[in-house]
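Lifted from TrEMBL, the feature list:
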BINDING   GLY128, THR129, GLY130, SER131, GLY132, ASP151, TRP180, ASN194  S-adenosyl-L-methionine binding site
BINDING   ASN194, PRO195, PRO196, TYR197  substrate binding site
DOMAIN    10-79  domain 'Release factor glutamine methyltransferase N-terminal'
DOMAIN    122-197  domain 'Methyltransferase small'
Amino acid sequence: MTGSASLQDAYDDAVAHLSRAGSPTPDLDATLLVEHTTGMTALDRLTQPDKPLNPRQHQALRTAIARRMSHEPVHRIIGWREFYGLPLSLNPHTLVPRPDTETLIDLVLPFARHRAGETGSCRVLDLGTGSGAIALAILNEVPKAVATGTDVSAEALEMATRNAQGLGLSERFTALRSDWFSALSGQFDLIVSNPPYIPTAVIPTLDPDVRDHDPLAALDGGSDGLNAYGLIAARALPHLADGGRIAVEIGKGQRSAVAGLFAAAGMQVAASAQDLNGLERAILFSC
Ligand SMILES: C[S@@+](CC[C@H](N)C(=O)[O-])C[C@H]1O[C@@H](n2cnc3c(N)ncnc32)[C@H](O)[C@@H]1O
């Protein structure tokens with residue numbers, strides 16, 4: 001890329017570099033990085049392809065491409081990701097929310113809406129809230145719901161709080177630092193969690209985009225990947241209101257083990273859902 005690159009040239013150059021570096025999504029990456037560093041959108045590229053980048057934009061784009069080529073995820077570079085239609089800011093202590101987790105939202109929304117319609121509210125608990133993705137998506141979809149988002153990471157909770165403020169949801173969102181249920185009291189209509197579920201020994205083999213950039217506390221599920229499910233299942237029941245539900249995201253092949261842990265604690269599978277790849281991704285339990 002030369003110092004006087006046009007918008008279209010800069011985009012084409014970015015796609016070429018990212019393709020050569022092995023990005024699975026070079027077009028999307030280039031679109032997001034060009035927009036982030038120049039403020040110019042894909043529509044601008046269509047309508048003003050010859051618009052030149054100024055030297056500052058040019059340098060910022062080169063830096064961003066170099067970061068992406070060294071396996072930093074594009075959403076970490078731009079600092080946000082859309083989840084269930086909401087733009088969520090990220091920091092190094094928050095997992096980048098994944099499209100797969102939208103499966104969990106789809107699974108619980110009918111219950112949350114029904115409960116809110118029936119009782120006038122739906123008290124949601126999101127265990128391990130990270131950026132606030134799950135809690136905030138539910139609050140945005142169910143205006144009568146209120147949510148508590150917990151995490152062990154104070155920095156993640158700061159981000160979740162800022163996201164709630166930015167989305168105008170902060171009056172219905174409470175952030176609480178807690179090791180799963182340890183700091184919690186009271187009951188909830190719906191408990192949700194996308195806990196860490198990667199077996200410890202698998203973590204070194206993960207794609208570097210994940211292994212080197214998502215926080216370890218968001219990934220490491222212990223020797224069999226199931227630690228958090230066991231801890232959550234064992235302590236959930238006293239926190240579930242009458243007729244309440246609990247739903248968790250699961251990793252590949254974990255359905256029967258996770259269902260077994262919840263069954264042992266008195267909860268049965270009420271429904272489950274597959275992600276876009278046809279993998280069992282979320283389970284809803286009743287008791
Ligand atoms: C897989 S991430 C999910 C983040 C977010 N809910 C999402 O779906 O994008 C798991 C989250 O659980 C949190 N976590 C890990 N151990 C925890 C614990 N003992 N108690 C509470 N939260 C914990 C991590 O900090 C991380 O934010």
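Here the Cβ of each residue, glycine as well, is placed from N, Cα and C on the backbone.
For the binding-site residues THR129, SER131, ASN194, the ranking by surrounding Cβ atoms (within 10 Å, all protein chains) places THR129 first. In this structure the C-alpha atoms belonging to PRO196 (substrate binding site) and ASP151 (S-adenosyl-L-methionine binding site) are separated by 12 Å. For the binding-site residues shown (GLY132, PRO196), fewest C-beta neighbours within 10 angstroms: PRO196. In this structure, GLY128, ASP151 are the binding-site residues from GLY128, GLY132, ASP151, TYR197 whose C-beta falls under 6 Å of some atom of ligand 1. Put simply, GLY128 (S-adenosyl-L-methionine binding site) is 12 Å from TYR197 (substrate binding site) when counted between their Cα atoms. Across the fold, the C-alpha of GLY130 (S-adenosyl-L-methionine binding site) and the C-alpha of PRO195 (substrate binding site) stand 10 Å from each other. Shown in sequence order, LEU127, GLY128, GLY221, ALA228, TYR229, ILE232, VAL248, GLU249 are the residues of the chain, 6+ apart in sequence, with a C-beta less than 8 angstroms from the C-beta of PRO195 (substrate binding site). Taking the Cβ of ASP151 (S-adenosyl-L-methionine binding site) as reference, residues of its chain lying under 8 Å away and at least six apart in sequence are, in sequence order, GLY128, THR129, GLY130, LEU157, ALA160, ALA175, ARG177, SER178.
Ranking the binding-site residues GLY128, GLY130 by how many other Cβ atoms lie within 10 angstroms of each Cβ puts GLY128 at the bottom.
Within 8 Å of the Cβ centroid of the substrate site, not counting the listed residues ASN194, PRO195, PRO196, TYR197, the chain contributes GLY128, SER193, ALA218, GLY221, ALA228, TYR229, VAL248, GLU249, GLY251. Note: the domain 'Release factor glutamine methyltransferase N-terminal' (10-79) comprises 50 helix, 1 strand, 19 coil (DSSP; helix = H, G, I, strand = E, B). Regional average pLDDT for the domain 'Methyltransferase small' (122-197) in the model is 98.
Within the same chain, the residues at least 6 positions away from TRP180 (S-adenosyl-L-methionine binding site) whose Cβ sits under 8 Å from its Cβ are LEU127, GLY128, THR150, ALA228, LEU231, ILE232, ARG235, listed in sequence order.
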